[in-house]
Amino acid sequence: MHHPRVRTAVAGLVAVLSLVPLAACGQSDSTAPPSSAKPATSASASLPRPKPYTGDFKKLEREFDARLGVYAIDTGTGREVTHNDRARFAYHSTFKALQAAVVLSTYSLDGLDKRVTYTREDLVAHSPVTEKHVDTGMTLKELCDASVRYSDNTAANLLFDPRAAGPKGLDASLEKLGDDITRMDREEPELSRWVPGEKRDTSTPRALAEDLRAFVLGKALRAPERAQLTTWLRTNTTGDAVIRAGVPENWVVGDKTGTGSYYGARNDIAVVWPPDSAPIVIAILSHRGTKDAEPDDELIAEAASVVVDSLSS
């Protein structure tokens with residue numbers, strides 16, 4: 001694994017160059033028209049040059065036979081790293097962080113003691129926490145904890161408010177936040193059965209990062225609810241091998257992972273706190289080339305390392 005602390009100074013220089021605005025004028029060569037000629041008007045003349053880190057992401061895509069989407073922003077400087085950041089990907093279980101935020105907004109911390117009962121018939125695959133509490137039920141706070149920190153699928157389904165049309169209600173809440181990109185259509189585990197070309201249960205790296213930033217760093221939640229969401233994300237148990245593995249060890253990471261049933265899909269969205277520096281918001285989404293491909297955490301970790309190199313130089 002190539003961690004940021006062992007990358008070469010050349011990589012850092014390339015990252016710096018990627019953040020310098022392009023000059024307005026073009027370069028000339030021996031075949032260029034004389035100065036009296038009209039400026040070029042072809043489409044190619046107006047195309048932006050590839051960012052230096054784009055080559056790193058494309059190399060990862062080739063190495064892992066994967067499609068990769070990345071959006072990251074240093075909230076202190078506004079500097080961004082982008083790669084397919086406006087393209088659609090299945091979000092998989094990353095939505096659980098946003099869902100918990102909406103629950104916090106709806107009920108506040110004081111309302112999370114409400115107990116939800118359910119039966120064994122309500123259990124779905126990968127429910128390591130809820131399967132132990134069928135007899136007693138769980139509070140909204142316990143369900144959010146199970147959903148965000150353990151990616152418990154039944155907990156997420158129980159948090160979909162039936163009075164607000166389930167997933168569509170969450171979709172509407174995100175639209176009120178300003179996100180008209182993310183589509184919430186199905187519950188677990190069906191939402192993880194995405195196939196290429198499908199728009200259901202998809203978003204973009206940019207949209208997910210902007211949502212996460214609004215909830216964790218912005219004013220979408222009151223301070224007590226924002227602190228609780230941050231605690232859940234920072235104590236997530238499923239993210240050690242993804243974004244956390246691609247940033248320096250002394251950086252604090254709060255994240256929510258996602259894994260698809262098909263095409264080796266693996267995602268992670270995170271807020272990262274470098275020491276003595278403003279937070280960085282990162283969303284990395286991916287899927288691989290064949291339906292039976294396995295997810296590979298290394299792809300996400302390596303992509304996170306590219307992000308850190310590009311923003312830290």
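Cβ coordinates come from backbone N, Cα and C, glycine included.
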Stretch carrying region 'Disordered' according to Swiss-Prot (options 28-52, 128-152):
28-52
Can you list, in sequence order, the residues of the same chain other than Ser151, Lys256, Thr257, Gly258 whose CB lies within 8 Å of the CB centroid of the substrate site?
His92, Ser93, Thr94, Lys96, Ala97, Asn236, Thr238, Gly239, Asp255, Thr259, Asn267, Asp268, Ile269
Output, ordered by sequence, the same-chain residues six or more apart from Ser151 (substrate binding site) with a CB under 8 Å from its CB, or 'none'.
Ser93, Lys96, His126, Thr238, Lys256, Thr257, Gly258
